[in-house]
Amino acid sequence: MEGECRVLSIQSHVVRGYVGNRAAMFPLQVLGFEVDAVNSVQFSNHTGYAHWKGQVLTSQELHALYEGLKANNVNKYDYVLTGYTRDKSFLGMVVDIVQELKQQNSRLVYVCDPVMGDKWNGEGSMYVPQDLLPVYREKVVPMADIITPNQFEAELLSGRKIHSQEEAFAVMDVLHRMGPDTVVITSSDLPSPKGSDYLMALGSQRMRKPDGSTVTQRIRMEMRKVDPVFVGTGDLFAAMLLAWTHKHPDNLKVACEKTVSAMQHVLQRTIRCAKAEAGEGQKPSPAQLELRMVQSRKDIEDPEIVVQATVL
């Protein structure tokens with residue numbers, strides 16, 4: 001990579017395992033980025049374990065950290081990456097910081113994973129307070145350049161339901177009009193052309209031509225479903241999409257193929273290791289299902305393409 005590319009990543013931190021900043025920093029560093037991490041929480045482990053302990057950063061503490069960077073004139077970034085946030089005032093402070101950074105650097109790219117909820121058995125539910133939704137809709141998404149919602153989050157943000165691929169792209173057009181040039185719906189319950197064993201993801205990238213007109217590239221990807229429930233995959237996805245869109249800014253197809261293929265390598269390695277540790281016929285524990293990130297370094301750096309994207 002030519003020159004230094006620096007990312008401010010505001011996400012959660014765990015002592016053990018890989019979620020939030022722990023899932024984002026390693027792949028970004030492997031791919032050549034400098035990463036400055038603000039830990040929105042510091043927990044012993046993710047909350048899928050039986051027990052966890054830790055601390056939560058307040059909006060005032062976030063402001064103090066940023067003011068420290070500013071006082072030393074080192075608040076200069078090429079990218080901002082944000083993920084799970086539970087607190088409205090904290091999210092508001094993130095908005096203020098990103099606005100200021102964008103005023104300093106008009107080329108700064110803000111990558112936002114608008115973590116709000118998901119669908120289980122066809123029913124969607126939010127796992128953050130509902131008062132975060134208007135903040136995402138009115139302030140966060142209009143500032144973002146790249147967003148990575150799942151289907152339920154895309155529906156929440158747009159106020160529209162998705163029952164087909166056509167409706168999904170109509171929702172993505174609504175999201176484009178709100179602000180972001182790149183929208184990737186990371187998972188959906190839409191039927192895949194490859195059958196019920198596959199999960200469908202969709203991407204849309206709006207590009208401006210020199211004459212001022214816009215052209216939109218749309219893609220579809222099908223990934224084989226995996227059995228265990230992993231934690232941190234969304235954080236890993238957003239970080240790698242940041243990296244690969246930086247390296248392929250006008251080719252969402254290639255950026256998504258590299259991102260999703262690297263994800264598949266990490267997940268398959270994690271499944272193999274977890275099953276071996278758990279033993280024959282035993283269900284792996286949350287600790288055994290932690291993403292095998294370090295062991296997947298070469299796959300993250302140069303992924304063999306195992307998932308092809310279809311340009312639509």
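Note that Cβ sites are derived from N, Cα and C of the backbone, with glycine treated the same way.
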- Query: Can you pick which of THR85, THR182, THR186 Swiss-Prot lists for the same Na(+) site as ASP113, THR148?
  - Reply: THR186
- Message: Restricting to the recorded positions SER12, THR47, ASP118, SER213, ASP227, THR233, which ones have a CA within 10 Å of the CA of THR148 (Na(+) binding site)?
- Response: none
- Task: List, in sequence order, the residues of the same chain other than ASP113, THR148, THR186 whose Cβ lies within 8 Å of the centroid of the Cβ atoms of the recorded Na(+) site.
- Result: PRO114, ILE147, PRO149, ASN150, VAL184, GLY234, PHE237, ALA238, LEU241
- Hey, of SER12, THR47, GLU153, SER164, SER213, THR233, which of those recorded positions are within 10 Å of ASP118 (Mg(2+) binding site), Cα to Cα? GLU153
- Over all shown protein chains, what is the count of other CB atoms within 10 A of the CB belonging to GLN151 (ATP binding site)? 23
- Query: Are any of GLN151, ASP227, GLY234 (the binding-site residues) within 10 Å of THR186 (Na(+) binding site) when you go C-alpha to C-alpha, and if so which?
  - Reply: GLN151, GLY234
